[in-house]
Amino acid sequence: MASITDKDHQKVILVGDGAVGSSYAYAMVLQGIAQEIGIVDIFKDKTKGDAIDLSNALPFTSPKKIYSAEYSDAKDADLVVITAGAPQKPGETRLDLVNKNLKILKSIVDPIVDSGFNGIFLVAANPVDILTYATWKLSGFPKNRVVGSGTSLDTARFRQSIAEMVNVDARSVHAYIMGEHGDTEFPVWSHANIGGVTIAEWVKAHPEIKEDKLVKMFEDVRDAAYEIIKLKGATFYGIATALARISKAILNDENAVLPLSVYMDGQYGLNDIYIGTPAVINRNGIQNILEIPLTDHEEESMQKSASQLKKVLTDAFAKNDIETRQ
C-alpha cells in the first residue's frame, strides 16, 4: 500500500454507480477528497456519462481525474469503495438481501484482489456487516484493512434527531448507534451527551422531554430507511456523505473515531464477526476499536444484535457454498 503515504495523489476506485455510488462520487468531488476516482459498473455507459458529468463540476471545486474504470485499475488504488448490490425494496429488510448480494460481492472482490490491489476495502452494500465480513473472507486481507460503513449513517440520524429535539447544532451532539446496521441496532444512551451535558441531565432539566419521546425518536432513527424507501424508492445522500467522511479519514490519515463495521476479536465478548462500534481509522485501516463501557441493557442489545448477524451469516455461507481465501 505504498501510494497512500503519498499525500499528493490519492486514488479511489468506486464499484457500483447506482444512486449511492454516484452520490458518493459527487460528495467526493464537492469536498475535494482524493485526486483520482475510477468508477466501475456493469453499465459502462453510465460510468462514462457520470465521469463526464462529474468532471464538469471540477472547475468549481478542485482538480481531479475521474473516469470509467475496470477492476484492473484497482492495482495501485489506495481505497476501493463497494456500493454495488441489489437495492433494498419496500418491506424488505437489509438481511433479506444477503443471498443476492453475496454472489454479486464475490464477482467484485475476486478480480480486485487479482489486480494486485493492496489498499483498504470500504463496504457499503447491504447487509453491510455481513458483506464486510464476506469481503474479508473473500479477499484474504488483514481484518484491519476491510471496513464497513456500519452504523455511521444511523449515528448521524440519531445525532440529528437529538439536535432537532433540543435545538442545537448536530455537530455538538455526541452519541452513538451500535450493533447491526439494521433492525437490531441500539442507541447508547448511557454515553450520549450534548456539549458535555448527558442526555439524562438534559431530560432532568427539561421535564417536557419524556422517556417515551426518546424511545419514539430512536425507533424513527432505526426505521428511517424504510420510510425513505417508501417515499422515494431509495436512500443515498446520507450514506454517500458518510462514505465520503470515512474516505477522508482514511486518505488523510486522520485517526478519526467513527462508528464503523469492524472485526470483533474479543471486544464486547464477541469473536469472528463484523459489527458496528466506534473505532479509530487512518490510512492503514482500523487502528483500534474503542470498547465503550455499556450498561447491562446495552450489553444485552449488543449480544442480541451479534447473535442475529451470526445466524444469518452462518446460514448464508452454508447456503451459497462460497469459496474464500481465509
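Every residue, even glycine, has its Cβ placed from backbone N, Cα and C.
As recorded in Swiss-Prot, the features of this protein are as follows:
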type: ACT_SITE; residues: His181; note: active site, proton acceptor
type: BINDING; residues: Val20, Asp41, Lys46, Tyr71, Gly85, Ala86, Ser107, Ala124, Ala125, Asn126, Ser149; note: NAD(+) binding site
type: BINDING; residues: Gln88, Arg94, Asn126, Pro127, Val128, Asp129, Asp154, Thr155, Ala156, Arg157, Thr235; note: substrate binding site
type: BINDING; residues: Arg159, Arg171, Ser172, Val173, His174; note: beta-D-fructose 1,6-bisphosphate binding site
type: MOD_RES; residues: Tyr226; note: phosphotyrosine
- Would you give the longest CA-CA distance, in whole angstrom, between residues of Val20, Asp41, Lys46, Tyr71, Gly85, Ala86, Ser107, Ala124, Ala125, Asn126, Ser149, the set recorded as binding NAD(+)? 24
- Task: Report the same-chain neighbours of Thr235 (substrate binding site): residues 6+ apart in sequence with Cβ closer than 8 Å to its Cβ, ordered by sequence.
- Result: Val20, Ala224, Ala225, Ile228, Ile229
- Item | Under 8 Å by Cβ from Gln88 (substrate binding site), counting only residues of that chain that are 6 or more apart | Arg94, Asp96, Leu97, Asn126, Ala225, Ile229, Ala234
- Item | Sparsest-packed of the listed recorded positions (Lys46, Arg171, His174, His181) - C-beta count within 10 angstroms | Arg171
- Any idea what DSSP makes of Gln88 (substrate binding site), helix, strand or coil? coil
- Taking all protein chains shown into account, the Cβ-based neighbour count within 10 Å for Val173 (beta-D-fructose 1,6-bisphosphate binding site) is 23
- Note on the structure: Running the recorded positions Ser107, Ala125, Arg171, His181, Tyr226 through a 10 angstrom C-alpha radius around Asp154 (substrate binding site) leaves His181
- Task: Ten-angstrom check, please: count other Cβ atoms within 10 Å of the Cβ of Ala156 (substrate binding site), all chains counted.
- Result: 20
- Query: Of all the binding-site residues given, Val20, Ala125, Val128, which has the fewest Cβ neighbours within 10 Å once its own Cβ is left out?
  - Reply: Val20
- Task: Determine, from DSSP, whether Lys46 (NAD(+) binding site) sits in helix, strand or coil.
- Result: helix
- Message: Give me the long-range Cβ neighbours of Ser149 (NAD(+) binding site): same chain, 6+ apart, Cβ under 8 Å, in sequence order.
- Response: Leu122, Val123, Ala124, Val128, His181, Ile239, Ala242, Leu243, Ile246, Leu260, Ser261
- Message: I need the nearest neighbour of Ala125 (NAD(+) binding site) among the recorded positions Arg171, Ser172, Val173, Tyr226, using C-alpha distances.
- Response: Tyr226
- Task: Measure from the CA atom of Tyr226 (phosphotyrosine) to the CA atom of Arg159 (beta-D-fructose 1,6-bisphosphate binding site) and give the result in Å, rounded to a whole number.
- Result: 19
- For the residue listed as 'phosphotyrosine': DSSP state (helix, strand, coil): helix
